[in-house]
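Trainee: Handing you a structure now.
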């Protein structure tokens, strides 16, 4: 057994002595006393609720919401209400670009060739009136026994492209396709009057020819007046009126024959 104990001591040799153990025990005791003193100091401090106002305690006690879901009072909901109501939104027709006041002003400008045109209004790409007038022309021709809807839309498209190319060559600022289509479509209104009269009586005669020539001059004069005011082409109204008269002459031929 003595040999085994000697082997055991030799195998587990270390530099740890009893003096180190006592020193560690004393340091542990000092740390324990320090912790005890801290506990006593914290125990002497008053609770945090003593410094908290009573309103906070009441609000925390009366909280009935769920976690991460705060409760709202009527006063807070009034502040969170939607500020931009439906009354402040623009009308639907205005968002679609349909302005009845501008349509009426353009119609009056076409009906009165001697009235000066407003270039700012006539330069808009408004196609509501032209579509209505084209549909009215086709409908009146249908009442006269002529199904010419395809001819009306085809001549309108070809005429808009031709007048657009011509105006871009003649004017410095240029013009858009929408503006040309809008002006030519609004000036188609007198032709609707001619097609409406064809429902009542026949235009294949001297009276019908004179009426057709008058309507052609009316349409071309209105269109040239609007183009010159919108594109600042003073002194070139007759040059613009001639190709417009050729275009509206084709519509007159559809109406008369």
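The backbone N, Cα and C atoms fix where each Cβ goes, and this holds for glycine too.
Pulled from TrEMBL, these are the listed features:
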type     : residues : note
REGION   : 23-51    : region 'Disordered'
COMPBIAS : 27-44    : compositional bias 'Polar residues'
TRANSMEM : 150-167  : transmembrane segment
TRANSMEM : 179-200  : transmembrane segment
TRANSMEM : 206-227  : transmembrane segment
TRANSMEM : 239-256  : transmembrane segment
Trainee: Short question: which residues 6 or more past the ends of the transmembrane segment (150-167) have a Cβ under 8 Å from it?
Mentor: 130, 134, 137-138, 141, 174-175, 177, 180-181, 184-185, 188, 227, 231, 240, 243-244, 247, 250-251, 254
Trainee: Please report, as numbers and ranges, the same-chain residues at least 6 past the borders of the transmembrane segment (206-227) whose CB is under 8 Å from any CB of it.
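Mentor: Hits for the transmembrane segment (206-227): 109-110, 113, 117, 122, 167, 175, 183-184, 186-188, 190-191, 193-194, 197-198, 233, 237-238, 240-242, 244-245, 248-249, 252, 255-256.
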Trainee: How about long-range neighbours of the transmembrane segment (239-256): same chain, 6 or more residues beyond its ends, C-beta under 8 Å?
Mentor: 137, 141, 146, 148, 151-152, 155, 159, 162-163, 166-167, 170, 184, 187-188, 191, 194-195, 198, 203-204, 208-209, 212, 215-217, 219-221, 223-224, 227-228, 233
